[in-house]
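Note sheet for the following structure.
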Amino acid sequence: MGKLPPSMRSAKLPLSLLKSSPSPSSSSSSSVHRLWTQKPKPKPKPKPKTSNPNLSTPNPFSSPCLSSAISTSTSLLSLPSPPSPNSLLQSFCLAGASSSDAISFLNHLSTSTSFAPDKSTFHHLLAHSCLSSSPDISPILKVFDLMSKCDHPPDAPSLDLSVRALCASPKSPRLDDACSLIMKSPVKPDEFTYNFLIRRLARDRSVSSVNYFIEQVRSKLSVHPNLVTYTILIDAVCRTGNLREATRLLTVLSDNGFKPDAYVYNTIMKGHCMLDDCAGVMDVYNKMKDEGVEPDLVTYNTLLFGLSKAGMMPQAKRILKAMAESGHFPDVVTYTSLMNGMCRRGEAMEARALLTVMEDKGCTPNECTYNTLVMGSGGSSKNI
């Protein structure tokens, strides 16, 4: 290998900033190198699969015909060891019964036997009604009505099951029906159901439509967004590069009495990194400190990634110093980001030296680390 050009002979990074984690021992470097020579441990033999008797039992109903199912169930229930009515209802649903026929079949089981449906019975009916071919949510509302008449009124888990089933429809998520069900349900959604649906809407719908739904639920159901809701929205708009909306949501969040945490600020900083906006990253970081929110390891790694990607190594070194002073220890993301910045500035030798420091500190490089060094060394692994 020939002599390095002057552009690659730069001052070394002050490695004293890369503090050691308190856990590794003095022999951590040799233990890292031994990883390359040790034989891989044999994989444990997979345990033999046990057959599920419920899955191996054939469906007693050969068709979704209600009259045939009633006749078959009458015969089965007269056996010395009859199946449970709940299992018969499930089998009839699996045979392709319509939602209305499933309700009629349940009524037959309740009147012809001593069977008393419980909450799990109705929840199975709810899940089945969500999979019906009906163009609206009327089958679900019928089950809700039946539950109330049978002294098992729907509750928050009932609504949660229905909303999740609609969003998990095998053909296509029925998000509009899930929103309609929230508005027409006899029970209010809890924060888990509410935020689950907001997350799905934020992923697949426009910002304006999500905001409209939030306002409808707020005004008609008195269900208000919380910190998790705003975090979901900020994450969604940052992923699309809509940092203006993220900044607006940050203000709305504060105006509604919530204090942004490190996760919220980290999310917005990542959004600025996606746009190569280092000034924006630093603005969010400074605002975070002004608000008294303590940066965490993700904060520092996000800053180092953005600054190193832009080749702003002097600023990255200052952040690295602040990171060390706050008691956070570099991990593989920290080291790889710094190597990336060095390689972008033509400082391949310094990046290689940092690899040695990284291993000495007991931090194992990953594939991204080596790819960064390979690209920074001219695309050849022989130079590493």
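Residue numbers in this text run from 1 along the chain shown.
A Cβ is built for glycine as well, from the same backbone N, Cα and C atoms used for every other residue.
If you look up TrEMBL, you'll see 12-31 marked as compositional bias 'Low complexity'.
The compositional bias 'Polar residues' annotation in TrEMBL covers 50-60.
Residues or ranges marked as region 'Disordered' in TrEMBL: 1-63.
Counting residues 6+ beyond its ends, the repeat 'PPR' (226-260) has Cβ neighbours under 8 Å at 191, 194-195, 198-199, 202-203, 207, 210, 214, 267-268, 270-272, 274-275, 277, 280, 291, 293 in the same chain. Taken from TrEMBL, the feature repeat 'PPR' applies to 226-260 (among others).
Long-range Cβ contacts of the repeat 'PPR' (261-295) within its own chain (Cβ-Cβ under 8 Å, at least 6 residues beyond either end) map to 227, 230-231, 234-235, 237-239, 241, 243, 246-247, 250, 253, 302-303, 305-307, 309-310, 312, 315, 326. Residues or ranges marked as repeat 'PPR' by TrEMBL: 261-295 (among others).
Residues annotated as repeat 'PPR' in TrEMBL: 296-330 (among others). In the predicted model, the repeat 'PPR' (296-330) shows an average pLDDT of 91.
Among the features that TrEMBL reports, repeat 'PPR' is placed at 331-365 (among others).
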Based on DSSP, tally up the residues of the repeat 'PPR' (261-295) by helix, strand and coil.
26 helix, 0 strand, 9 coil
For the repeat 'PPR' (331-365), what does DSSP give as the number of helix, strand and coil residues?
26 helix, 0 strand, 9 coil
